[in-house]
Amino acid sequence: MGSEVNRPLADFPANIWEDPLTSFSKSDLGTETFKEKHSTLKEAVKEAFMSSKANPIENIKFIDALCRLGVSYHFEKDIVEQLDKSFDCLDFPQMVRQEGCDLYTVGIIFQVFRQFGFKLSADVFEKFKDENGKFKGHLVTDAYGMLSLYEAAQWGTHGEDIIDEALAFSRSHLEEISSRSSPHLAIRIKNALKHPYHKGISRIETRQYISYYEEEESCDPTLLEFAKIDFNLLQILHREELACVTRWHHEMEFKSKVTYTRHRITEAYLWSLGTYFEPQYSQARVITTMALILFTALDDMYDAYGTMEELELFTDAMDEWLPVVPDEIPIPDSMKFIYNVTVEFYDKLDEELEKEGRSGCGFHLKKSLQKTANGYMQEAKWLKKDYIATFDEYKENAILSSGYYALIAMTFVRMTDVAKLDAFEWLSSHPKIRVASEIISRFTDDISSYEFEHKREHVATGIDCYMQQFGVSKERAVEVMGNIVSDAWKDLNQELMRPHVFPFPLLMRVLNLSRVIDVFYRYQDAYTNPKLLKEHIVSLLIETIPI
């Protein structure tokens with residue numbers, strides 16, 4: 001049947017990791033010697049952190065180093081307690097007005113507090129303006145200060161004009177500043193301009209910062225060695241998780257049964273790794289990666305395989321949540337396979353959630369997938385009718401078709417201690433942080449994949465809808481959508497500030513998923529074009545850091 005049907009197949013780039021099981025070989029770094037050294041260094045780093053409390057500003061800088069080197073998770077409770085105490089008891093706005101508190105320092109203080117949900121006033125940057133309300137010209141001679149200002153400005157929320165000005169000011173000068181900086185600082189500036197720390201994938205940022213920190217005069221050898229060993233030990237765990245997912249994929253015979261989808265095991269794992277890298281989330285990464293593989297197959301099935309009649313039958317079955325697709329339903333075997341594997345996967349998770357005492361969570365998990373499928377179905381209907389939706393119609397459906405509701409819900413599954421039924425109910429209520437993440441996901445993807453999707457029959461994107469409704473150029477539509485994404489980041493930043501409605505670890509999943517989108521889709525669709533992610537995958541999963 002399938003060979004007689006005219007299908008909207010996409011010419012997806014081939015998978016570049018033929019066998020992750022052999023590509024990502026095990027290392028011998030998981031020895032007791034390294035683990036013992038790691039434990040000893042951890043105590044030394046903790047002692048240094050505790051000693052830094054005597055100087056509040058140096059303490060903040062130490063926290064910044066811990067975060068950027070990827071080891072702050074070891075001391076998270078101590079860090080939050082210290083920041084909480086400092087924020088409540090110390091007058092940081094007054095402290096930063098002191099003459100010795102330079103732009104570099106103020107930028108770090110601002111970043112660290114906001115990173116942990118403390119909304120330090122943006123007025124701390126007023127001291128760097130002249131009598132005309134402009135940032136002082138001499139600041140451009142301070143490379144570290146300008147970079148710190150740029151990174152701090154990524155944490156802006158709505159109504160903070162000085163942060164908008166700081167971002168424009170720092171960004172406009174950093175390219176030139178990098179040309180006259182030392183080689184390692186120039187690389188750091190260029191990396192930041194491409195992907196700011198706040199919008200980067202944590203593991204990628206850590207790997208880059210370790211190389212940078214090693215060249216700094218202020219480098220703490222103990223902290224550096226601890227960060228290197230910690231990275232390498234975690235890398236072993238991450239490789240084992242990828243191997244687990246790969247075995248599952250092979251055992252399901254996924255590649256032979258669904259030939260038209262993007263087979264992106266390694267890239268899907270990187271997506272999960274960007275969502276949470278810490279060891280306690282090992283099972284969560286495995287489950288989320290499996291889900292991403294299923295989501296990819298669903299997306300490609302709706303977008304680049306199924307006919308309208310087949311997709312309607314598939315969607316109806318999912319809405320009813322049939323345990324399997326009956327033989328009499330006339331859809332291709334590959335679509336039946338996707339359906340049956342997906343429903344079985346979700347039903348198994350539902351059973352596990354029930355056993356854990358989290359009754360009802362599975363209902364919301366399934367509902368998130370059903371809504372995503374209906375979002376895909378709506379796009380298929382628009383394509384069939386050759387209908388260009390209004391921008392508002394598109395935006396409403398795009399929140400569903402982004403798939404980020406289903407993905408965020410999936411990241412909650414293995415967060416047993418904090419993701420109870422109320423968390424899933426809250427997520428289903430369209431909280432602002434979820435909507436912001438969905439907008440970032442859908443519109444960033446639209447902008448980056450516009451050219452590829454217009455090479456074949458494809459539903460009108462947000463860019464097309466905006467151009468049609470308002471009679472503007474593609475360039476203007478892209479600019480508007482970019483502004484919408486920027487506003488969504490401000491919404492997301494605001495929702496991360498205290499007081500929190502739900503535990504901060506849950507909010508961090510939403511933030512980290514948005515960060516993955518920025519890395520995967522800001523410039524091109526790197527998930528579809530895996531060569532664009534190869535360098536990151538090699539640095540995170542293949543190459544160990546020399547000790």
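Backbone N, Cα and C define each Cβ position, glycine as well.
Feature annotations, courtesy of Swiss-Prot:
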BINDING   Arg262, Asp299, Asp303, Arg442, Asp445  (2E,6E)-farnesyl diphosphate binding site
BINDING   Asp299, Asp303  Mg(2+) 2 binding site
BINDING   Asp299, Asp303  Mg(2+) 1 binding site
BINDING   Asp445, Asp446, Ser449, Glu453  Mg(2+) 3 binding site
MOTIF     299-303  motif 'DDXXD motif'
Same-chain residues at least 6 beyond the ends of the motif 'DDXXD motif' (299-303) whose Cβ lies under 8 Å from its Cβ atoms:
8, 10, 12, 258, 260-262, 311, 314, 334-335, 338, 373, 376-377, 379-380, 403, 458
State the three-class DSSP label for Arg262 ((2E,6E)-farnesyl diphosphate binding site), counting H, G and I as helix, E and B as strand, and everything else as coil.
coil
Could you give the Cα-Cα distance between Asp303 ((2E,6E)-farnesyl diphosphate binding site) and Asp446 (Mg(2+) 3 binding site), in whole Å?
14
Residue counts in helix (H, G, I), strand (E, B) and coil for the motif 'DDXXD motif' (299-303), per DSSP?
5 helix, 0 strand, 0 coil
Cβ packing number for Asp299 ((2E,6E)-farnesyl diphosphate binding site), 10 Å threshold:
17
Minimum Cβ neighbour count within 10 Å among the binding-site residues Arg262, Arg442: which residue?
Arg262
What is the separation, in Å, between the Cα atoms of Asp446 (Mg(2+) 3 binding site) and Asp299 ((2E,6E)-farnesyl diphosphate binding site)?
14
Please give me the CB contact count at 10 A for Asp303 ((2E,6E)-farnesyl diphosphate binding site), counting all chains in the structure.
20
Rounded to a whole angstrom, what is the C-alpha distance between Asp299 ((2E,6E)-farnesyl diphosphate binding site) and Ser449 (Mg(2+) 3 binding site)?
14
Pairwise CA distance, Arg262 ((2E,6E)-farnesyl diphosphate binding site) versus Ser449 (Mg(2+) 3 binding site), rounded so that it is a whole Å:
15
Counting only residues 6+ away in sequence within the same chain, which have a CB under 8 Å from the CB of Asp445 ((2E,6E)-farnesyl diphosphate binding site)?
Ser402, Ile517, Tyr521, Asp525
Tell me, what is the mean pLDDT of the motif 'DDXXD motif' (299-303)?
95
On a simple 10 Å Cβ count over all chains shown, which one of the binding-site residues Asp446, Ser449 is most densely packed?
Asp446
Using the residues the record lists for (2E,6E)-farnesyl diphosphate (Arg262, Asp299, Asp303, Arg442, Asp445), what whole-number Å value is the largest Cα to Cα distance?
18
Distance from Arg442 ((2E,6E)-farnesyl diphosphate binding site) back to Ser449 (Mg(2+) 3 binding site), taken between C-alpha atoms, in Å:
11
